[in-house]
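J.: Please find one structure pasted underneath; my questions will follow.
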Amino acid sequence: MRFFTEIKPLKTYVAEQKREGKIIGFVPTMGYLHDGHLSLVRKAKLQADVVIVSIFVNPLQFGPNEDFAKYPRDLERDLALLQEEGVDCVFAPSAEEMYKEGFSTFVEVNGEITEVMCGKSRPGHFKGVATVVTKLFNIVTPDLAFFGQKDAQQLFIIEKLVRDLNLNVEIVSVPTRREEDGLAMSSRNTYLNPEERKAATILYRALKRGEELVLAGERNPERLKKLIEEFIKTEPLARIDYVEVRSVPDLKAMDVIKGKFIIALAVYIGSTRLIDNFILEVD
């Protein structure tokens, strides 16, 4: 497994692989890998000849009072896991390598898609995501890039970015990996104490409840949101950031639930903010 911390030698490596006609699969991560990340890697292994994983906790996508400093990091453990999965190459740059002194160019996807849900709760977050992803795509020049559906809003924004800017990469989305009790796998789950960890299943249970209501015929998005909110409030440790029901993939508000749509949640369990979603379809 090759390991790079600098852009230049990585680009040389990628150019060699391309000369040999190999298909490059890319999995961008912030490290502290769990089975959700590894499911992206496994999918990449199936579809690409060479799999490159990046590990970079991107300072641009964290707000001033967010968890950038305490975001979990363990490069040694991550590298061992990736080696085990048969990854070809890992790129783990420093912030200084990615954002050279005087860096002042940003990529921004505008419109409702970045203004609602996490865009509303975390201003500037998706500007940071779009900028780093564009940089990584330019550095790695992958044929395929793999993203998890757990971060559905991020996934839809990146798909739009690729479409709008004619980037030469195919985005592959991979279903959310869950713990046995339904909790979506996330590096931030490590912040939860045992009591909070138990309480955190409220997100998955609330989504299941929402799905049941839709299957039973509920088509009013406002009423569905209310019922899900009431359900979440039965958990004393939970504090709702948002519950949204929107069309997919443009994340527009709906008057009536039809076609492909998302039920998306952001909920604080203690001081930890967790997100989850179901993507559903009705006639």
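Every residue gets a Cβ built from N, Cα and C, even glycine.
Relevant sequence annotations retrieved from Swiss-Prot are reproduced here:
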type	residues	note
ACT_SITE	H37	active site, proton donor
BINDING	30-37, 148-151, 185-188	ATP binding site
BINDING	Q61	beta-alanine binding site
BINDING	Q61, Q154	(R)-pantoate binding site
J.: Under a three-state reading of DSSP, tell me whether K150 (ATP binding site) is helix, strand or coil.
T.: helix
J.: Could you check the recorded positions H34, H37, K150 and say which one's CB has the fewest neighbouring CB atoms inside 10 Å?
T.: H34
J.: Note down the number of other Cβ atoms within 10 Å of the Cβ of S187 (ATP binding site), including every protein chain shown.
T.: 19
J.: Report, as a single number, how many Cβ atoms besides its own are within 10 Å of the Cβ of G36 (ATP binding site).
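T.: Result for G36 (ATP binding site): 22 other Cβ atoms within 10 Å.
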J.: In whole Å, how far does the CA atom of the residue listed as 'beta-alanine binding site' lie from that of S187 (ATP binding site)?
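T.: Spelling it out, the Cα of the residue listed as 'beta-alanine binding site' and the Cα of S187 (ATP binding site) are 16 Å apart.
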J.: In whole Å, how far does the CA atom of K150 (ATP binding site) lie from that of the residue listed as 'active site, proton donor'?
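T.: That separation, Cα to Cα, works out to 11 Å.
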J.: Quick check for the class: what is the C-alpha distance, in angstrom and rounded, between M185 (ATP binding site) and H37 (active site, proton donor)?
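T.: Rounded to the nearest whole number, the Cα-Cα distance is 9 Å.
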J.: For Q154 ((R)-pantoate binding site), just count the other CB atoms lying within 10 A of its CB, please.
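T.: So the Cβ neighbour count for Q154 ((R)-pantoate binding site) comes to 21.
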